[in-house]
Amino acid sequence: MVAFGKYLQRKQIEEWRGYYINYKMMKKKVKQYAEQIQGGSQHPRHVLKDFSRMLDTQIEKTVLFMLEQQGLLAGRLATLRETHDAVLEQPDISKIVELRESYRDVGRDLLQLLVFVELNAIGLRKILKKFDKRFGYRFADYYVKTRADHPYSQLQQVFKHVGVGAVVGAISRNLHELQEHEGSFYSIYDQPVLPLLDPVVEAIKTAVDKLTNSTSFLNFLAQHALIMQDDLQTPSEDTVDERTYHFNSLLLNLGNTFLYMVNTYIIVPTADDYSMSLGAAATVCGVVIGSMAVAQVFSSVYFSAWSNKSYFKPLVFSSIALFIGNLMYALAYDANSIFLLLLGRLCCGLGSARAVNRRYISDCVPLRIRMQASAGFVSASALGMACGPALAGLLQIKFKIYKLTFNQSTLPGWVMAVAWLFYLVWLCISFKEPLRDTEEQEGSNPNETTSMTDREENSTAVEEGLRKPLLITSGLKLEDEDEEDCDESEESAEDSRRPANSFGDAYRLLTPSVKVQLLIYFMLKYAMEILLSESSVVTSYYFGWTTSSVAIFLACLGLTVLPINILVGSYISNMFEDRQILLTSEIIVFIGILFSFNLFVPYTVPQYVISGLVMFVAAEVLEGVNLSLLSRVMSSRLSKGTYNGGLLSTEAGTLARVVADATITLGGYLGRNHLLNATLLPSLVICIGSIVATCCTYNSLY
């Protein structure tokens, strides 16, 4: 375990030492601020102003030096270009070799500059996090948002390394021109498919990819997925070996996510008719739909624990459980058994592998594309949510084969059983179990290093070093702790990084703001489940809607998920603070619930559709922003282990669905004419409670 301050000192280039951010000085200032505020000698507003000014000064110093170095590199490239033109006119092998080496020298210097940028970006992130942790503010969000979006932003230079692309392009193009291709010289623009084999160019490309994680929309979607990561991990600390990453396995993981969401919502339009055909009340659909969520409460825990040892076996078990569950669901009609129907849905819930899906992306996908994979997780979930009801709307046929009945009630079970059977076969053929750390060490080939040395014997030691991660070698971790605290024992340091071992441990790690955000998550999932699960009962009673009409309505709601996330991730989140979006979305959800009540006037289709759409869209915005905040403020101890942040959020959402579906069934005892208001009232109360909790929490922080 290495303190970042010491690591920064060791990695600094001596000639550039005065241009790095002064991390040690800023840590001391943060400690002084804490003492001043505690002693009453300094007002928090003055501290924020002084700290902002200090950060601006440090960033300006770093950015101006970076621009100066980019200018020097550009000047060297311009000089080399003159020599390059002369060589092209009178080709000389020795001069070409010398010129290529000169371009590589520029590339190595550019890599040093990229290391410089990354070290400063890490230091900035850590000092902002330290400040927030010390004072309980969300100053990091405010500072980055106000600086990054400003037209004269210098922070953009640090995080987006503006101008580096032009230098990389010049080096790549000129090196490629000097490669021999049957006696002629080609441009990378003429033949873009030709591989760039030069090791320096590959190292630069890797470094730039690691610094450029993704766009704001992908980042928003990834946080929406709540794929928990160690908050100290940086792009260059990635421990996933690109060579062991398996794309087909990732596709299978996302396929499981998609099929499970289809499986969840495909029965919603027909659950009331199925219940009535088996002699139960229409409102028993709440129990039928919710039984899957009941089982998921327990399955999430054992799947999370199982993923510590394997990913393939849990996915196989999930597929088998869902195949059997859907088979029982379909056979319940001919068996005339409501018990078999509920047992089938419980079995489907026991196959919920969403904890494994999240964990696989977090542990087995390289950091370079982890953001895209996380966004794919959210997209697969949203697409499944839309496809489930839409598919149910298409299955409006009826026929019999021997003694088996195929109709709108049983076909969802048959179709999903076949889908899971095909998925299981594909899984067994294509999935590749990732190697664990111990397996990688045992299975490593000692001759591999020798063969690599033989292949690169003409490369310099510097080149070989640049092909490795820029900052961290194997086993090295940066610890975001004060150098003044280094006298603490190693045991206490290890305890601060140890994952939670139970729900009790995990709960004790939750701050008041995290508890409020989990309450918000519970509220929005409860409100959405009420809207979706009772839609078939409510619309058939008030409007006489058919199964197809309900399916179209639910599919349209599901199709709003991705466009809303694009709007929030790309635009709204850049214009407003997350807490402002959070509170506004809660209020809009409250308004949507309020206007959904059937009170004094005849209930109409426009009232139901518009209020439901407003509530659903606001809840989607709220979910994205809420999980985005959760991913940033949860303790780092909840980023790994069985009882991680992803499991906590899954359990909160699943419990909300269970309670909502139970509410629908209980509300059915009051009669279908009172069901709507009886189920909306708890939603309204919980929503008011979450708004009050949000206001109290954020007022205390700000």
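Every residue, even glycine, has its Cβ placed from backbone N, Cα and C.
Model, not experiment: these values are computed from the prediction.
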### Message
transmembrane segment per TrEMBL: which of the ranges 101-123, 377-399 is that?
### Response
377-399
### Task
Counting only CB pairs under 8 A, let me know which of 280-303, 338-356, 377-399, 607-630, 680-701 has the most with the transmembrane segment (250-268).
377-399
## Note on the structure
Secondary structure split (DSSP) over the domain 'SPX' (2-145) reads 127 helix, 2 strand, 15 coil
### Query
Which whole number is the mean pLDDT over the domain 'SPX' (2-145)?
81
### Query
Is the transmembrane segment (377-399) packed against any residues at least 6 beyond its ends, judged by a Cβ distance under 8 Å, and which are they?
221-222, 224-225, 227, 254-255, 257-270, 357-358, 361, 405-408, 411-412, 415, 547-548, 550-555, 557-559, 561-562, 565
